[in-house]
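Here the structure comes first, spelled out in structure tokens, and everything after it is commentary.
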């Protein structure tokens with residue numbers, strides 16, 4: 001009786017059969033068949049073991065890949081947490097300084113103030129406050145705006161909102177472009193010609209900030225970029241453009257940053273400005289329903305020097321700027337032209353609206369997302385629906401202080 005033995009089992013059986021003695025009786029074929037079956041079972045077990053091993057190897061490779069990905073994410077989160085802790089430490093340190101200062105004021109007030117304070121003392125205090133303001137704003141700058149003479153369209157970009165500027169505190173010719181109302185990329189051009197003509201070499205330098213700005217109220221002053229930190233209501237960042245590091249930060253007091261300050265520029269909650277007196281902030285305030293608040297900031301220490309509640313409303317406003325310590329607010333109807341200055345605020349009281357002619361801007365179809373004055377070249381830098389514009393100004397001397 002012959003039995004067909006396929007594959008490796010047949011080979012093994014034939015190999016063993018070569019060493020067996022000749023068949024002696026009829027039971028030998030049954031024995032061979034039995035051995036063949038046992039080898040088949042063994043072969044199937046080995047194949048199953050191999051399949052299981054391959055599955056384990058594949059699972060281990062997948063596990064290693066997932067573990068590597070998770071370790072990478074863990075490293076990223078670790079860096080983010082470390083940065084957040086460093087920022088928190090800075091804010092805690094600043095808060096501690098402010099608490100110490102408030103404690104000092106409280107102790108001083110407790111020692112000085114009393115219920116028997118006379119009206120004469122109040123008058124004296126008001127006089128001292130007025131003297132402080134006059135000292136703060138007492139510079140050789142004595143000009144007031146009389147007309148917007150002309151405009152020059154410098155460039156066109158795809159972003160309807162943004163800001164562009166020169167350093168208002170140095171003689172540098174560099175031009176900075178900050179496209180969009182929420183971004184962290186600054187483009188630095190060597191000069192105005194390089195900004196206007198893309199073919200001019202070298203090309204712009206790209207600066208990536210560690211934090212994003214909010215709105216279009218950024219300024220460059222004395223080689224520092226000042227901007228409203230996105231995701232916060234009232235935090236101002238001072239960024240060193242040369243070292244590429246965050247130099248300092250501050251919190252504007254009161255209700256700053258709680259609401260947009262211009263009806264026709266809803267992405268801007270804090271508008272920073274620079275004039276001959278230095279750094280300013282225009283923002284909302286607590287209990288000031290729809291009115292702008294003007295705050296003078298010491299650029300070196302980011303300390304608050306003084307704040308004023310202005311009569312200028314945010315309704316129909318689109319932008320504002322300061323010139324020689326005077327706030328000029330630009331308004332338009334429904335975000336369309338004509339664009340005109342209808343509210344002027346001077347903390348010293350020397351410039352009033354009745355002293356000024358009708359201040360109209362050359363006609364533009366849409367509202368401005370930013371208008372900033374540069375005290376170096378005495379011009380306005382503006383952003384209007386993607387167009388970067390320069391406005392030339394006509395000024396005259398202020399009336400003398402009474």
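The backbone N, Cα and C atoms fix where each Cβ goes, glycine too.
Source: prediction; values computed, not measured.
Here is what Swiss-Prot says about this protein:
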{"type": "SIGNAL", "residues": "1-28", "note": "signal peptide"}
{"type": "CARBOHYD", "residues": "66", "note": "N-linked glycosylation site"}
{"type": "COILED", "residues": "73-135", "note": "coiled coil"}
{"type": "CARBOHYD", "residues": "138", "note": "N-linked glycosylation site"}
{"type": "DOMAIN", "residues": "140-397", "note": "domain 'Olfactomedin-like'"}
{"type": "DISULFID", "residues": "141-324", "note": "disulfide bond"}
{"type": "CARBOHYD", "residues": "183", "note": "N-linked glycosylation site"}
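Location within the structure of each feature annotated in Swiss-Prot.
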{"residue": "66", "record": "N-linked glycosylation site", "DSSP class": "helix"}
{"residue": "141", "record": "disulfide bond", "DSSP class": "coil"}
{"residue": "183", "record": "N-linked glycosylation site", "DSSP class": "strand"}
{"residue": "324", "record": "disulfide bond", "DSSP class": "coil"}
Reported mean pLDDT - the domain 'Olfactomedin-like' (140-397): 92
Entry from the disulfide-bonded residues list 141, 324 having the most other CB atoms no farther than 10 A: 324
Cα-nearest neighbour of residue 183 (N-linked glycosylation site) within the listed recorded positions, 66, 141, 324: 324
Residue 66 (N-linked glycosylation site), number of other Cβ atoms within 10 Å: 10
Between residue 66 (N-linked glycosylation site) and residue 324 (disulfide bond), the C-alpha gap once rounded to whole angstrom: 62
